[in-house]
Amino acid sequence: MYEVRDINLWKEGERKIQWAKQHMPVLNLIRERFKEEKPFKGITIGMALHLEAKTAVLAETLMEGGAEIAITGCNPLSTQDDVAAACAKKGMHVYAWRGETVEEYYENLNKVLDHKPDIVIDDGCDLIFLLHTKRTELLDNIMGGCEETTTGIIRLKAMEKEGALKFPVMDVNDAYTKHLFDNRYGTGQSALDGILRATNLLIAGKTVVVAGYGWCGRGVAMRAKGLGAEVVVTEVNPIRALEARMDGFRVMKMEKAAEIGDIFITTTGCKDVIRKEHILKMRNGAILANAGHFDNEINKKHLEELAKSIKEVRNCVTEYDLGNKKIYLLGEGRLVNLACADGHPCEVMDMSFANQALAAEYILKNHEKLEPRVYNIPYEQDLMIASLKLKAMGIEIDELTKEQKKYLEDWREGT
C-alpha cells in the first residue's frame, strides 16, 4: 500500500537513491550482511524520517534484512516526492508527500502505525508520541525504538523522567559517529546550502547570527565563518557561550544581535528563540532560517501579527512586509536544509544511518532484557563504524603496542 504524490516519479527518485548509495560504504557493508543473514525476517519496522535519498538507502537496507517497511516523513516539507515514489515501487508501504498539512502529516503517521510495527525508527519523536497517546493499543507489540535527533531525545528523556516511556529507545543522536559528524559537519554544510539555494545571496561580508552553540550551532558557525561572514552566537548556557567566544565568535543576547544581524539561523531545539521583541529590532531585509527540527524556533505567529502583507517572493522565501521594513523567512520556518535543499551530505548520513540499522538490530536481539528507558549506543558500535568509515576513506591509523597498553593500565609508573 502507498499514498504518494505521483508514482510515475519513481525513476528520478531511483537515480537519487543510487547516487546516495555509491557514497554510503558503511551502510552498504551492513546491507550485504543483512541480505545474507535476514535478521528482520517476519519483523515490521515503522519509520518516520526525512524521506529523501539517504533515508531510502537505510529503508532498503532494513528491507534487504527481511523487514516489512512502513514509512512516512517526519516533517511536512522534507519529503522528496520522487524518492517516496521510488520507495513505493520497491514494495515499501509509503505514506508521504511534500507539502502535507498538519492534519495529513498526522494521518500519515497513523497509517504507518496501522501496520502494527515491531520496531519504530523516529526523527523528532512524533511516531513514539502517538504510540504513547492515541495509539496505546499497539504498545504491547513494540519491541523498542530508535531516535535520530536531538529534539526527539529531549522529548524522550522527559518521558523517561516522568515514567511515561513504555518501551526501550536507542539514543542514536548521541552516538559519537552521529553527533560529532552529522550534527556538526552535516548541519553546518547543509544549513548553509539551504540558505544559498533559497536566496542566491553572498554570505561573505554579512553578519550571521547563530542561535545555539551545541554541535549543530558549532557546525553552522564554522561554515558561515568559512564563507566570509562575521558570526555572532547567542546562547543560554554559559559554558557553551564561553566556548563560542574562545572559538573566536562574538557572543551576545539575541536582543542585541537582532540589531546587527543580516542572516539569523536557529539551532537550539527550543521554541520562541526569535520572537516579537527581536523582530522589531531587526534590519530591513533580515533573513530568518531554522536548522532545528520543529518550526517553532522562529515564532511565525508574531511575524504574521506584525506584517501588513505576506507573499512568497522566491521558492522557499516568504516576505513579511512590516511597513517600515521587510523580513524574509526561509522554508516556512521548517528545517532549512531539507525544506530548501537536499539535507545532509551522503557521506555523513552513511554513519548516522549505519547507527540506525545496527540500533534496530540491537533492539531486536536484546529487547526482552531492556527496560523502558533511553539507552546509549554501545561504544563498540561507534568504534566499528568509525573504523569502517576510515577504511572506506583509505586511511590507516596506529595501534597501541603491548608496552603502551600495559603502561595505560598500570598506575605504578609515574615520574
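Keep in mind that glycine also has a Cβ here, set from the backbone N, Cα and C atoms.
Noted in Swiss-Prot for the protein shown:
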BINDING   Asp123, Glu148, Lys178, Asp182  substrate binding site
BINDING   149-151, Asn183, 212-217, Glu235, 291-293, Asn337  NAD(+) binding site
Problem set entry | For Gly212 (NAD(+) binding site), the number of other Cβ atoms found within 10 Å of its own Cβ | 28
Problem set entry | Thr149 (NAD(+) binding site), number of other Cβ atoms within 10 Å | 27
Seminar exercise, completed: Per the 10 Å Cα distance test against Asp182 (substrate binding site), the binding-site residues Thr151, Gly212, Cys216, Glu235, Gly292 reduce to Cys216
For this session: List, in sequence order, the residues of the same chain other than Asp123, Glu148, Lys178, Asp182 whose Cβ lies within 8 Å of the centroid of the Cβ atoms of the recorded substrate site.
Result: Thr149, Val172, Asn173, His179, Asn183, Ser352, Asn355, Gln356
Problem set entry | Secondary-structure category, per DSSP, in which Thr149 (NAD(+) binding site) falls | coil
Exercise. Cα-Cα separation of Lys178 (substrate binding site) and Thr149 (NAD(+) binding site), in Å?
Worked result: 9
Problem set entry | Cβ atoms near Glu148 (substrate binding site) (within 10 Å, other residues, all chains) | 28
Exercise. In sequence order, which residues at least six apart in the same chain have a CB under 8 Å from the CB of Thr151 (NAD(+) binding site)?
Worked result: Gly124, Cys125, Gly269, Gly292, His293, Phe294
For this session: Enter the number of other CB atoms within 10 angstroms of the CB of Asp182 (substrate binding site).
Result: 28
